[in-house]
Structure formats: C-alpha cells, structure tokens
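The structure under discussion appears below in the form of structure tokens.
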Amino acid sequence: MDQQKVNLLNYNYSQLRELLMAWDEKPFRAQQLFQWIHQVGIRDFAQMTNLGKVLRNKLSQLACIDLPEIVACQKSADGTHKWLLKLECGNCIETVFIPEANRGTLCVSSQVGCALNCSFCSTAKQGFNRNLSTAEIIGQVWLAARELSDNNGAHDKKITNVVMMGMGEPLLNFDNVVSAMSIMMDDLAYGLSKRRVTLSTSGVLPEMERLREVSPVALAVSLHAPTDELRNELVPINKKYPLSQLISLCKRYFKDEPRRKVTFEYVMLKGVNDQPEHASQLIKLLHNVPAKVNLIPFNPFPLTQYQRSSRETIDAFRDKLIKHGINTITRKTRGDDIDAACGQLAGEVKDKTTRSQRWQKLHFMSKTDKSTELTISSEEIA
C-alpha cells in the first residue's frame, strides 16, 4: 500500500463521511463511495461514474482500496471454500465459506495467530503476531463475496451470515472488529442483520461488557468445559475470568431481549470432557442461563494430544442435555478434508515467540499432501 494514501476499507460509513467532509466534499458523496466499494465491489475510482471527475481524481491521489492477496484456494468435497490470504506484512490468514441449502456462512479471522493458547486449537500452536486492521477484516468479506460471485454466478452462492470464529480472539482486537462488523451490518454495504453476525469469544469479560453496549451481535462463548479445573487446562484465560463470572455475565447479556440466547460451543474430546458426569456438570452450570449448546466434534491436527469423541458418546451427551431442557445440537463437521473445520485454521504466522516452527512445517506438509484442489494465485483466478 502507498504509505501516503489512506485505505478506505478501514472506514465505516460514519468515518468515511467525516473523511470526505475533511476533504471539502459533500457528505452525500460518502454514501455513493461506500456503495461502490462494498455493494458493487469496485476498487478503481475511475469506474465510479457518479462521483464526478474532480472527486475521482482527488480519491486517486489521496486514497486506495487495498486488500489481502489470495495466494491459495481450496474447495472441499462438501462445497466448503478456504482461502489463504497474504497480508502486507507477509503473514497469512485463513477465511472459510460454508454453503448450506438456505444460507452461506463466512468464517472470518480477527488476528494473525492467537495469544490465548487453548490446548485443543490449531491456531494456538502458531503463536500470536498482531491484530488485523479493519481493512484486513472486512477485506475478507469483500474478497469472498467477489470470488463467490465471479466463480459461481451472482446468485448461486451468497454470504448470508458472518461468524467471527476464524483465527484469533476477536475481543482482543475490539475496536477494529466492531468497526468491521458495523460495515457488515450497514445497509449501504453488506446489509446483514445483527442476528446474522456472530462473535465468538473465549470469555474476555471486560470486552464482553463493552460489546453488549455498542454492538449487540449474536454471541457465542467457547466454553468447552463445565468446571474451572478442566477449563483452566483447555482454555487458559479461564484462570483470569473463571466460570462463575463468565456465566453471570451470560445470564444478563441479552436481558433487554429475552428471546435471544447465548450460544455455548463445546468441543467433544475423547475421555476429557465427554463423559456423563461432564454432561451433568454442564446442565448444572447452565441452569437458568438463556442458552443453546453446540457440540463440536474435535477436528484433529498435527501433534495434538486429543482425539474426537465417538458418535455414540456425542449423541448420548446431546440427548442428556436435551432431556434437561437445554437446546442442543451437534455441529456438522464441514471442510475437514481441507483443514477448514472448527479449530483447524492456522494460516502462516511469523510467530514472535518462535514456538511453532516445527509445527508449522508439519501442518503445511499435511495440508499439501491432503489437498487435491490447492490452487493458484489471485491473478490466475482473475
């Protein structure tokens, strides 16, 4: 990116309006420009024909619309797409699109790597490098929308839902994530409702409180254990924000919207958190919580110590929760043949802690060996 130019993808609508006014332009120009960028998907200011030649020239001199670079794309047998995106700094992140009969869900990353070190998560093994900018977050949506439209026809596959469940802990990149989500929900951009944008967190309580006030999107909590002792091992941030505090906040999170529920994600690990006593503990923990539970079959990755629970064990766990009145489903595993399933996103992170060099090499080789559709550069796609 030209260091003298501002990347307009970093601006939500209100910020873009202020920017144009600072450049002595009429406020209504922000709406036109915003729609060109996000609804039409145009990056070339010369093609924005209703802006006027003087403004187009000014934008060319002062601004740019810079995106991550698509360096690889994989497509699963089930239709799931995974893109490897290279950032300006040289790191890579991953973005996944999951098509279903009546919806298309895009899984978006918020950080390069992750600092929380959850023991069952592939991204955690990469270490942490930095937060993504608003442009790098919303750029994933922009690129996916264009790729799906270009390759499948304008109406074949469409993004109807976004989940902030990719690489990183979204609430540790609060301002940029909230700004990007505001663009996703803006009718002048992608027009998603607040119920169709979901943020997943491991439980960063102060930022959960802030999120509740400023951006009431759907909330998913990475729970994964029914006791502090076990969750301390699986999700180490629990040592700072224990279950009693987390559940207390979840009980009141949607107090003004009693029909909304918090989704609790629970990865099923063989012999670790999947036994009948764990189900009983979870039932007790979620008593009087407006909750629904997603049971997630564990997705293995290189060097992991964990195994996936059997289908029979998962079904028995689910049935016990349902019997006690907890809305529970088992998440269908999608894209695991291309390492796009939950917990498998890894990208390529220049880890400042250098903890992951050996793991990265093994992970890359396993992905290369398994993939039958590891593709091509963005230029070849275009």
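Placed from the backbone N, Cα and C atoms, the Cβ positions cover glycine too.
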Candidate from SER193, SER200, SER248 that Swiss-Prot assigns to the same S-adenosyl-L-methionine site as GLY168, GLU169, SER222, LEU223, HIS224, ASN299: SER200
Candidates GLU94, CYS107, CYS114, CYS118, namely the recorded positions, that fall within 10 Å of GLY168 (S-adenosyl-L-methionine binding site) by Cα distance: CYS114
Nearest-integer angstrom distance between the alpha carbons (Cα) of CYS118 ([4Fe-4S] cluster binding site) and SER222 (S-adenosyl-L-methionine binding site): 10
Farthest-apart CA atoms of GLY168, GLU169, SER200, SER222, LEU223, HIS224, ASN299, residues recorded for S-adenosyl-L-methionine, distance in Å: 19
Among CYS107, CYS114, CYS118, CYS121 [recorded positions], residue with fewest other Cβ within 10 Å: CYS118
Number of other Cβ atoms within 10 Å of the Cβ of HIS224 (S-adenosyl-L-methionine binding site) across all protein chains: 25
Cβ neighbour count within 10 Å of SER222 (S-adenosyl-L-methionine binding site): 26
